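Notes to accompany the following structure.
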Amino acid sequence: LTGVLDDCLCDIESIDDFNTFKIFPKIQKLQERDYFRYYKVNLKRPCPFWADDGHCSIKDCHVEPCPESKIPVGIKAGSSNKYSKAANNSKELEDCEQANKLGAVNSTLSNQSKEAFIDWARYDDSQDHFCELDDERSPDAQYVDLLLNPERYTGYKGPSAWRVWNSIYEENCFKPRSVYRPLNPLAPSRVFTLEFICLLFCTGLCLEKRVFYKLISGLHASINLHLCANYLLEETWGKPRWGPNVKEFTRRFDPVETKGEGPRRLKNLYFLYLIELRALSKVAPYFERSVVDLYTGNGHEDAESKALLLDIFRDTKSFHMHFDEKSMFAGDKKGAKSLKEEFRLHFKNISRIMDCVGCDKCRLWGKLQTQGLGTALKILFSEKEIQSLPENSPSKGFQLTRQEIVALVNAFGRLSTSIRELQNFKVLLQQTR
């Protein structure tokens, strides 16, 4: 791959160099720190779109939850420790606590009314989210150590896996609802890939809808690259050996093997990288405030984690060929608002499809990367709110939960790894010729 990407003024070689020498080493270190390695997820939510067709029985599909005793105390404490001690002692919060103690109005509410208010609040909170978020209070939600459950090939494939991706591309296409395109993975007459069929329906669409397609295709390519790079090569005497599988990489990305689709998939990976890179540069002011801590309960480690994160933000700002998100939703206000909402709802539905993945490990990483991308979109569409954040008190107009922060960093870490692995495959392919 060489040259300039579509819909942005950035060339592939510049991204490769920037990622290899600046971003990749630092994002790897950041992902190893306690704040970012523990992710709370509900892997037992039922699929909302079709009857459960069975979960993966392969042992490599299993996700090992983390015992409560291993979780840092600050993370278990929840969002109350998200801000620094100085902020928690602020006059504004004291006033809030006093108002809660008075609570005269709440005491007159019926239980039914209280439940309604909770539902309304939950609905209001969801209006800026591009993802269906797990309820962290659910007894089925568990902490997972991402370092002990790496994303890699599990053997999950066939009709079940195909059904998930087909549903995602169907949801992505912004096609008229009257159009029905049955795509049977077992039909011998199937010639075109899912992406190509979707692209046919997306041809001629505006920038926003082209971007949407590229984000999903880029995510698909990134996940496939992880599976190719961390493939089960052999297992002797119960000792598995994992590593890059050039044959599998060729099958998924070679221009001949994929009828020309492979290079487009990889270009979309680079495009997705640029989108999330842009989000990191935009959200920097949120974390640069002294009031925000990456709280785990270990003051020294928390300070080091924040310093490393801010260092990465400085690198993202130094990149001189960012994607310009201002070109999106730039038409008349009414039409732009409607299109943005359609964009958000389509992506939110895709995040719900991740609960239909039959392999627990694939579901874990699918949910995390989808939430990471959803958080990046939330950031890009909240620029004004981020610019007007108060320095010394918790945010009102813009807020990120710890789950969103962890997903954002790890999702970008996965993209950074994908581009680094792509360089490795280039070397391996040259050696096999």
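The backbone N, Cα and C atoms fix where each Cβ goes, and this holds for glycine too.
Curation does not apply to TrEMBL; its annotations are automatic.
According to TrEMBL:
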type: DISULFID; residues: CYS56-CYS61; note: disulfide bond
type: BINDING; residues: ARG152, THR154, TRP165, SER217, HIS220, ARG252; note: FAD binding site
type: DISULFID; residues: CYS359-CYS362; note: disulfide bond
type: ACT_SITE; residues: CYS359; note: active site, nucleophile
type: ACT_SITE; residues: CYS362; note: active site
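Structure coloured by features recorded in TrEMBL.
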residue: CYS61; record: disulfide bond; Cβ neighbours (10 Å): 19
residue: ARG152; record: FAD binding site; Cβ neighbours (10 Å): 18
residue: THR154; record: FAD binding site; Cβ neighbours (10 Å): 19
residue: TRP165; record: FAD binding site; Cβ neighbours (10 Å): 18
residue: SER217; record: FAD binding site; Cβ neighbours (10 Å): 26
residue: HIS220; record: FAD binding site; Cβ neighbours (10 Å): 20
residue: ARG252; record: FAD binding site; Cβ neighbours (10 Å): 20
residue: CYS359; record: disulfide bond; Cβ neighbours (10 Å): 24
residue: CYS362; record: disulfide bond; Cβ neighbours (10 Å): 23
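Of the candidate disulfide-bonded residues, CYS61, CYS359, CYS362, the one lying closest to HIS220 (FAD binding site) when CA atoms are compared is CYS362. Spacing of ARG152 (FAD binding site) relative to CYS362 (disulfide bond) is 8 Å (Cα to Cα, whole number). Between the CA atoms of CYS61 (disulfide bond) and CYS359 (disulfide bond) there is a gap of 5 Å. Proximity note: of the listed binding-site residues (TRP165, SER217, ARG252), none has a CA within 10 Å of the CA of CYS359 (disulfide bond). Residues ARG152, THR154, TRP165, SER217, HIS220, ARG252 are recorded as binding FAD; their most distant pair of Cα atoms lies 21 Å apart.
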